[in-house]
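> One structure is given below, represented as structure tokens, and several questions about it will come after.
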């Protein structure tokens, strides 16, 4: 019975019900009341401080858990194999097992292969005994596979006893329609550039080539006159030699006829005519051996005329080499002008192209 009374008094002291205490207790001891008041104060202090400490411990636990989760995530990131594209080239970052550090490898998608990548890993870290690339389902990837083919799908990288799941970044590729549209835009830009600039460029080029052609023709004009004179002299000389050959053949015919029908008989002159004919064949063969050309009368005449022309040119001081160089340059310029004035390059309609071609024919006729 005493214990419940004490508890009731303590409860009343906490709630400041001193009047009730005096009702139940005939004699109130001041010392007991003071002790109860101290007990009440300590209880009140305990009640106010306990939640604050609890909240502090809870916040510390949350901070610790968050920091641990961040460190775990950073550690997991450092232990993964990542792929990034830098200036169009894939860069693979791999954690090295011996050095406990990450190393970045820059690869060429077309020229490098899986074997090259594995050799790079072994060369960078001598502690790597076994390194293999496999697909997600465990199929080994051949060393001859290109990096471009490897990065088309996700794969696994096995380094010693560690296995890494590698996520290949998806590359954006142009569709057929986009490529065709880009080609159409490129063609349109080229046509606009040609319409605005090419015609003017062609006119400037035509003026430049025409000026050069006129200059070379002026330089060639005195040489042409000199060459014409030499050709006339050589032509007369070659004609004279041709008539001289005909005269010699006539004399030969007359001598053989005289000996056959007047001086001797045919029985005597037949072997003579045979040797004369055979000697003529030997002379033709000797001509082939010396000139490396067949004995054809037109070719013989032209060759003789050319020899006479060079002989006369040396005597008169005519520079044949300069003449040939000027003729080659003029022929080249004329060819360039012909190509420049081609109706297909000018992109003219059919009627305009016909007019342009007629104009070129008239210019050639005037020349």
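From the backbone N, Cα and C atoms, a Cβ is placed for every residue, glycine too.
In case it's useful when we look at the structure, here is the feature table from Swiss-Prot:
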REGION    61-80  region 'Disordered'
MOTIF     266-276  motif 'Selectivity filter'
TOPO_DOM  13-232  topological domain 'Mitochondrial matrix'
TOPO_DOM  285-367  topological domain 'Mitochondrial matrix'
TRANSIT   1-12  transit peptide
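How buried are these features, and what lies next to them?
Packing against the motif 'Selectivity filter' (266-276) from elsewhere in the chain are residues 252, 256, 259-260: each is 6 or more residues past its ends and has a CB under 8 Å from a CB in it.
The average per-residue pLDDT of the prediction over the topological domain 'Mitochondrial matrix' (285-367) is 77, rounded to a whole number.
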> Of the residues in the motif 'Selectivity filter' (266-276), how many are helix, strand and coil by DSSP?
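So the counts come to 11 helix, 0 strand, 0 coil.
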